[in-house]
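This report concerns only the one structure given below.
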Amino acid sequence: MPEGPEIRRAADNLEAAIKGKPLTDVWFAFAQLKPYESQLTGQLVTRIETRGKALLTHFSNGLTLYSHNQLYGVWRVIDTGEIPQTTRILRVRLQTADKTILLYSASDIEMLTAEQLTTHPFLQRVGPDVLDARLTPEEVKARLLSPRFRNRQFSGLLLDQAFLAGLGNYLRVEILWQVGLTGQHKAKDLNEAQLNALSHALLDIPRLSYTTRGQADENKHHGALFRFKVFHRDGEVCERCGGIIEKTTLSSRPFYWCPHCQK
C-alpha cells in the first residue's frame, strides 16, 4: 500500500492537473454520489489535502470528496477526451477543459460537508500527518510519551495511523534503522537522546522521501536524497556498520534490520 509520501505526490499531480479550473463534467459510479454530479459541475477544485492515506478533494461550493485508496484504488491524470486502456473499474471522473482526473477501483468514497469533515470516523481517528509542515519534533515527542502511546512497541506503533498519519512499513523500517533501534522498544524505555533522535526521524525521513524519492543518485544518503538503507536489502551489507541486513516479520509485516547496529 502506498505510504504518506506517495499519497502526497499523487495529490500534487492531481492538483497540478485540475486545481482552479472549472469542472466541465463530473461523474460518480456510486448511486449515493449521483446527486452531486450537477452540484459540482462548474465548480472549482480549490485544493487536494492528504490525511495520511486518505485524500480530501475540496470544491469551491464547500463540499469535500473523501477517498481512501486502501489496497486497490488508484488515481490517474489524462488529457480530456482520452480513453484510457485499463481493466480497472472507474469510480470517479472530474473533468476540466484540458485535463481529467480518474479514480479507479476504490470503494471508500464519500461526499462531506464542512460539518461532516469534523465528525468523520476515519478523520477523527487519524493522528497528525507527518507531512504537515506545522507538525514539530517537540509535538511528536509529546505524542510518543503520552499515556496512549508510551507503552506501545514501535513495531506496531509506527504502523498505527492514530499515532502519526502517513507512516507505513518502509518508513517504519527506515526510521528505526536511522535511529539504531529495534521494533521491540517502547518510548517509555528510551533515554532523552534516543527520544530526540526518533522524534526528528519520524518527520525527517517521510519528508525527505516525499521531496526526493525517485531522484537517482545512489551516492547520496539520508539528508540529501532518499533511498532505502535496509528495506528490501536483506542479505546485503549494512552501510553504517558492515553487518548483514536481515528480514523477519513484525506486526504481521516484513521487517528489515541490522542486528549488529540496531539494539
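Positions of Cβ are set from backbone N, Cα and C atoms, glycine also.
Sequence annotations record features per position, and here Swiss-Prot assigns active site, schiff-base intermediate with DNA to Pro2. Marked as active site, proton donor by Swiss-Prot on the basis of sequence analysis: Glu3, Lys53, Arg253. Sequence annotations record features per position, and here Swiss-Prot assigns DNA binding site to Gln70, Arg125, Asn169 based on sequence analysis. As annotated by Swiss-Prot, zinc finger applies to 229-263, with the evidence given as sequence analysis.
Positions of Swiss-Prot features highlighted on the structure.
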| residue | record | Cβ contacts under 8 Å, 6 or more apart |
| --- | --- | --- |
| Pro2 | active site, schiff-base intermediate with DNA | Ala10, Lys53, Asn69, Gly168 |
| Glu3 | active site, proton donor | Lys53, Gly166, Leu167, Gly168, Asn169, Tyr170, Leu171, Pro206, Ser209 |
| Arg125 | DNA binding site | Gln161, Ala162 |
| Arg253 | active site, proton donor | Leu159, Asn169, Arg172 |
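Counting other C-beta atoms within 10 Å of each candidate's C-beta, the binding-site residues Gln70, Asn169 are led by Asn169. Residue counts for the zinc finger (229-263) under DSSP, split into helix (H, G, I), strand (E, B) and coil, are 0 helix, 12 strand, 23 coil. A 10 Å cutoff on Cβ-Cβ distances gives Lys53 (active site, proton donor) a total of 23 other Cβ atoms nearby, all chains included.
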